[in-house]
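Please read the structure below before turning to the comments.
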Amino acid sequence: MTATLERREGVSLWERFCAWITSTENRLYIGWFGCLMFPTLLTATSCYIIAFIAAPPVDIDGIREPVAGSLLYGNNIISGAVIPSSNAIGMHFYPIWEAASIDEWLYNGGPYQLIVLHFLLGVASYMGREWELSYRLGMRPWIFVAFSAPVAAASAVFLVYPIGQGSFSDGMPLGISGTFNFMLVFQAEHNILMHPFHMAGVAGVFGGSLFSAMHGSLVTSSLIRETTENESTNYGYKFGQEEETYNIVAAHGYFGRLIFQYASFNNSRALHFFLAAWPVVGIWLTAMGVSTMAFNLNGFNFNQSVVDSQGRVINTWADIINRADLGMEVMHERNAHNFPLDLASGDVLPVALNAPAVNG
């Protein structure tokens, strides 16, 4: 008998690194997308925390009137924000090395671009990492598809909208009250409440909340009893058990009688796909709506659409909304322009009949 011993070649450092990066045995899966996700999200988070606490005021409108957003400059958690980059910068890429000094970079709102661009790269990489881990485990890719909805929404308000409006100063501020201000100004300038894609998004969010509550309460109400009255019902479930933990037939019968028969799902897989798809499609549509309104394809305008026989306008709810929009538009960026565009878009009145002679 002859035994042949083959000498095993040493595994290179790169191969070991690749095996570690793509291993599903790690407590936290890294993956190739993780190589981009971790540094970008850490950078965005670190810069956001520092800027929210200590960033100096930013000349957001580009008119030498800085706006303070950080805690050390008088704000609190509610009013604080990372202020968007200056309108003087517009859509120019503005990294630190493009500024003459750190003070100039801070004054023009450089941290906003740094945070937003790293954040968008990070969440896109997180989405890719979800697909990558699903692929390694032999799972279907629907987790990654579902997460594409919030990624699309974030991209719409932080990147697509500034591109459409021509300036990062029109992006959403990174704070609570700044978000609300962005929403009010967006309504004033684009009438988003009258845009059908926004309506679909509202239906997606509120409908998703309703369906989630209905599903959770139905399942909790139809659990198969495995414990006594003196024990928590949660002890009746063992992680990884093969048996159903609730009676879907009972839940189906209850809901079918409560509403009507065909309002209730009799297929658990179809039910859970619906629970995932409804809010995801709604958020997709909202992101598409914001992205189109970024280029001023705005919501429906039904202003002064009802008149009497004499031609006098009979105000409808659309006219009430329009008046509110004009009020909000007048109030924002109060020193950047004298009138909102809607009020300044009438016929041009001549102010000089003859041009003055210019002596060269």
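Quick reminder: no glycine exception, Cβ is built from N, Cα and C everywhere.
Lifted from Swiss-Prot, the feature list:
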type: BINDING; residues: His118; note: chlorophyll a ChlzD1 binding site
type: BINDING; residues: Tyr126; note: pheophytin a binding site
type: BINDING; residues: Asp170, Glu189, His332, Glu333, Asp342, Ala344; note: [CaMn4O5] cluster binding site
type: BINDING; residues: His198; note: chlorophyll a PD1 binding site
type: BINDING; residues: His215, His272; note: Fe cation binding site
type: BINDING; residues: His215, Ser264, Phe265; note: quinone binding site
type: SITE; residues: Tyr161; note: site 'Tyrosine radical intermediate'
type: SITE; residues: His190; note: site 'Stabilizes free radical intermediate'
type: TRANSMEM; residues: 29-46; note: transmembrane segment
type: TRANSMEM; residues: 118-133; note: transmembrane segment
type: TRANSMEM; residues: 142-156; note: transmembrane segment
type: TRANSMEM; residues: 197-218; note: transmembrane segment
type: TRANSMEM; residues: 274-288; note: transmembrane segment
Long-range Cβ neighbours of the transmembrane segment (118-133) (under 8 Å; 6 or more residues past either end): 24, 29, 31-34, 36-37, 40-41, 43-44, 47, 139, 141, 143-144, 147-148, 150-151, 154-155, 158-159
Listed in sequence order, residues not in His215, Ser264, Phe265 with Cβ within 8 Å of the centre of the quinone site Cβ atoms: Met214, Leu218, Ala251, His252, Phe255, Leu271
Packing count at Ser264 (quinone binding site) (other Cβ atoms within 10 Å of its Cβ): 18
Whether the transmembrane segment (274-288) meets the transmembrane segment (142-156): three or more C-beta pairs under 8 angstroms: yes
Cβ-Cβ neighbours of His272 (Fe cation binding site) (radius 10 Å): 13
Sequence-remote partners of the transmembrane segment (29-46) [C-beta within less than 8 Å, at least six residues beyond its ends]: 20-23, 114-116, 118-119, 121-123, 125-126, 128-129, 131-133, 136
Glu333 ([CaMn4O5] cluster binding site) in three-state DSSP notation: coil
His332 ([CaMn4O5] cluster binding site) CB neighbourhood, other CB atoms within 10 A: 16
